[in-house]
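Trainee: Next up is a structure, given as structure tokens.
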Amino acid sequence: MPEAAPPVADARGSSPTATTGPGADATLSAVEPFLAHLQIERQVSAHTLDAYRRDLAALIGWASAQGSEDVAQLDSAQLRKFVTAEHRRGLSPKSLQRRLSACRSYYAWLLKHGRIATSPAAALRAPKAPRKLPQVLDADEAVRLVEVPTDAPLGLRDRALLELFYSSGLRLSELCALRWRDLDLDSGLVTVLGKGGKQRLVPVGSHAVAALRAWQRDSGGSAQTHVFPGRAGGAISQRAVQIRIKQLAVRQGMFKHVHPHMLRHSFASHILESSGDLRGVQELLGHSDIATTQIYTHLDFQHLAKVYDAAHPRAKRKKATE
């Protein structure tokens, strides 16, 4: 048996099913050693720890209501019933996935410490959460955003930043980290260090090249300096870019919430719409898995569906007659 855990903040009251059943409060202590492991050894955040506690409290409450006082002894069939009950209670697929993930981690920990012979949660799968389609700017909106006046304070920087964002589809972190040495403006290329330390070469469009040249002349940037420096002299912060893009969108008369990743989404969507080359878009974005890139095919289909609805004679809806 694991040693008793140090006290962990109580979150039992935060789940509707956490205290279901007569023995829920008594058996909640069974997961305290696991929570202590998360807190001390894995050093998870307080937010994550609270989520684990709520999810496991829900399992304990459900098991207690079924007459099972020891959750360590539940089998896969019982866990499947728990997932079904939570789904019927109205829990979203995303929340179910998180709840089942907490159960898997708990049973894996029990297995590692010899409390159980096999994990009843290993093979269980929650319903898939529908992927939310990314919001994008259409081509006209993108042009309106990037063509900010260059005679305003920091106008040259803002123009270069927006042009590069939309031209090359960089992640926010990648753009903030760029130094002038990473740019080959003569060849129209930028070398990007992406997730996992993976390097990729991305084209830079002619409008972005012109804007970057103007900004470099104005700022006196050298090879070692950041393309977009912050006030303290290092790289500009991601938060500063988020705030600035939001401000610029408002100034350009745009009424939707514009954020940095929207420019990356727009880049990917517009390239895919024009080329149809999903693999090429994957490489440009630096996605390790093409499944991540495939979300943009749904956006392209949405566009095609609108074109179809507007143009096809058999798709046009008849106006209701009185």
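Just so you know, glycine gets a Cβ as well, placed from its N, Cα and C.
Quick paste of what Swiss-Prot says about this protein:
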type     : residues : note
ACT_SITE : Arg171   : active site
ACT_SITE : Lys195   : active site
ACT_SITE : His261   : active site
ACT_SITE : Arg264   : active site
ACT_SITE : His287   : active site
ACT_SITE : Tyr296   : active site, O-(3'-phospho-DNA)-tyrosine intermediate
COMPBIAS : 16-25    : compositional bias 'Low complexity'
DOMAIN   : 25-111   : domain 'Core-binding (CB)'
DOMAIN   : 132-309  : domain 'Tyr recombinase'
REGION   : 1-25     : region 'Disordered'
Trainee: Closest to His287 (active site): which of the active-site residues Lys195, His261, Arg264, going by Cα position?
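Mentor: Going through Lys195, His261, Arg264 one by one, the Cα closest to that of His287 (active site) is Lys195.
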Trainee: What's the CA-CA gap between Arg264 (active site) and Arg171 (active site) in angstrom, rounded?
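Mentor: Just about 7 Å between their Cα atoms.
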Trainee: Among the active-site residues listed here, Arg171, Lys195, His261, Arg264, His287, whose Cβ has the fewest other Cβ atoms inside 10 Å?
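Mentor: The active-site residues Arg171, Lys195, His261, Arg264, His287 were compared, and Lys195 has the fewest Cβ atoms within 10 Å.
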Trainee: Please work out the mean pLDDT for the residues of the domain 'Tyr recombinase' (132-309).
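Mentor: Value for the domain 'Tyr recombinase' (132-309), mean pLDDT as a whole number: 85.
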Trainee: With helix taken as DSSP H, G or I, strand as E or B and everything else coil, how many residues of the domain 'Core-binding (CB)' (25-111) land in each class?
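Mentor: Helix, strand and coil residues of the domain 'Core-binding (CB)' (25-111) number 72 helix, 0 strand, 15 coil.
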Trainee: Rounded to a whole number, how many Å is the Cα of Lys195 (active site) away from the Cα of Arg171 (active site)?
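Mentor: So the alpha carbons of Lys195 (active site) and Arg171 (active site) sit roughly 9 Å from each other.
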Trainee: Helix, strand or coil for Lys195 (active site)? Use DSSP.
Mentor: helix
Trainee: What's the CA-CA gap between Arg171 (active site) and His261 (active site) in angstrom, rounded?
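Mentor: Rounded to a whole number, the Cα-Cα distance is 7 Å.
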Trainee: Check the DSSP secondary structure of His261 (active site), expressed as helix, strand or coil.
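Mentor: The residue in question, His261 (active site), is helix (DSSP, three-state).
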Trainee: Under DSSP, is His287 (active site) helix, strand or coil?
Mentor: coil
